[in-house]
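Note sheet for the following structure.
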Amino acid sequence: MSDKKKRSMAGLPWIAAMAFFMQALDATILNTALPAIAHSLNRSPLAMQSAIISYTLTVAMLIPVSGWLADRFGTRRIFTLAVSLFTLGSLACALSNSLPQLVVFRVIQGIGGAMMMPVARLALLRAYPRNELLPVLNFVAMPGLVGPILGPVLGGVLVTWATWHWIFLINIPIGIAGLLYARKHMPNFTTARRRFDITGFLLFGLSLVLFSSGIELFGEKIVASWIALTVIVTSIGLLLLYILHARRTPNPLISLDLFKTRTFSIGIVGNIATRLGTGCVPFLMPLMLQVGFGYQAFIAGCMMAPTALGSIIAKSMVTQVLRRLGYRHTLVGITVIIGLMIAQFSLQSPAMAIWMLILPLFILGMAMSTQFTAMNTITLADLTDDNASSGNSVLAVTQQLSISLGVAVSAAVLRVYEGMEGTTTVEQFHYTFITMGIITVASAAMFMLLKTTDGNNLIKRQRKSKPNRVPSESE
């Protein structure tokens with residue numbers, strides 16, 4: 001392999017890390033600025049939720065298409081298109097003069113966001129042998145952990161000392177740098193052409209949109225609960241129709257043969273089950289600290305920083321842990337630990353010393369980081385190059401929806417305890433944390449289906465290896 005091509009492949013993880021950082025930052029920085037944007041556009045803060053929902057639904061709808069587009073036109077072409085759309089959408093959002101304009105431009109942003117990270121990860125899957133994939137994905141995930149810490153703080157700073165427009169303008173230099181770097185370092189992997197499954201796209205895409213909408217409606221109590229549940233049931237019906245369609249179609253959008261890969265099926269179901277519990281922490285903890293303990297919003301937001309810090313520190317140790325314990329023992333054990341850590345938040349009180357609140361959050365961050373890395377890599381471990389794009393899309397969709405599902409479930413549990421007479425606000429949060437902890441511990445049973453040898457292809461040592469294939473210069 002030439003030195004030029006080696007440098008090109010070495011730059012690929014940096015491109016994926018940039019994409020992850022942009023998405024993670026954008027997901028958290030906007031919430032802080034919503035009141036300021038609402039004031040500038042002469043709308044109520046509640047109405048600004050449409051700017052968030054429009055992006056979320058667009059991403060949910062188009063993630064499944066990202067794999068087909070990358071297979072058909074190449075990873076470099078689609079990735080540069082995605083970053084371009086995300087960057088131009090950010091510029092347009094900053095220039096918006098009304099809420100309808102902002103919503104439209106957020107949709108454009110969402111089109112880019114739906115393809116950016118999945119295509120970058122697909123390129124990694126095809127470029128690196130499985131035994132090199134774990135440390136590479138670890139590296140890529142780190143900037144994504146910094147984004148949620150930096151987002152709320154940076155959003156507050158920009159709104160306070162500049163204007164809300166800079167919330168979007170900050171994406172532009174990052175996007176331009178990403179484009180230049182991608183043109184130089186992103187390989188243009190393609191596969192054999194296959195016909196686009198338009199019927200499958202409509203069934204699967206609408207199912208995801210309705211499911212996301214139903215969860216949002218249920219969690220935010222925007223409409224009556226029965227309406228939200230009807231939307232969710234309809235989405236499940238469309239998903240069942242897609243399954244029937246996929247069985248009769250030679251080349252469906254998402255092949256059902258994926259789920260014949262045992263580690264993939266366990267990883268997907270495990271992602272959904274465990275994130276029901278872990279997804280509640282960023283939602284419940286700031287609420288309990290503010291509503292129950294009386295903390296100020298800024299302090300409550302900063303209290304989540306130890307979780308992200310623990311996640312970053314744990315990334316450097318995940319590979320060693322997996323090599324020592326294996327995937328099965330690691331995932332079962334760490335999921336039980338996470339469940340116990342979530343449940344122990346029921347022991348916290350306003351009178352506790354601040355370090356007694358910070359330390360459990362730090363430990364939880366380390367545990368969650370280990371779990372997510374192990375869970376995501378075992379899901380992709382045994383996929384072939386032919387089904388890597390579809391499997392990667394399913395994983396991205398699962399991650400997108402399961403976080404919302406975790407928030408909705410924990411909100412529903414909290415509402416149940418709020419209806420109990422004779423309980424204080426703090427006790428209601430305590431009972432909710434105990435319930436979500438039990439759910440998380442129970443989800444560990446899913447990973448007991450793994451064999452002790454599963455994932456060995458990811459963690460075995462190799463003296464010298466190289467990426468699977470480097471495209472020719474013509475690609």
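The backbone N, Cα and C atoms fix where each Cβ goes, and this holds for glycine too.
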Swiss-Prot: matching membrane side for F189 and N387:
yes
Residue list, the transmembrane segment (350-370) vs rest of chain: Cβ under 8 Å, 6 or more residues beyond ends.
141, 145, 278, 281, 285, 289, 292-294, 303-304, 306-315, 317-318, 321, 330, 334, 337-338, 341-342, 344, 426
Could you check if the transmembrane segment (329-349) is in contact with the transmembrane segment (78-98), meaning 3+ Cβ pairs under 8 Å among residue pairs at least 6 apart in sequence?
no
Would you confirm whether the transmembrane segment (99-119) and the transmembrane segment (10-30) meet the contact rule of 3 or more C-beta pairs below 8 angstroms, pairs 6 or more apart in sequence?
yes
Folded-back contacts onto the transmembrane segment (198-218), same chain, C-beta under 8 angstroms, at least six residues removed:
53, 56-57, 60-65, 225, 227-232, 234-236, 238-239, 241-242, 245-246, 249, 252-254, 397, 400-401, 404-405, 407-408, 411-412
Taking all residues of the topological domain 'Cytoplasmic' (323-328) together, what is their mean pLDDT?
93
Counting only residues 6 or more past its boundaries, what in the same chain has a CB within less than 8 Å of a CB in the transmembrane segment (78-98)?
15, 19, 22, 26, 41, 66, 69-70, 105-116, 119-120, 123, 165-169, 171-172, 175-176, 178-179, 182-183, 186
Looking at 50-70, 161-181, 429-449, which one has the highest count of Cβ pairs under 8 angstroms to the transmembrane segment (394-414)?
50-70
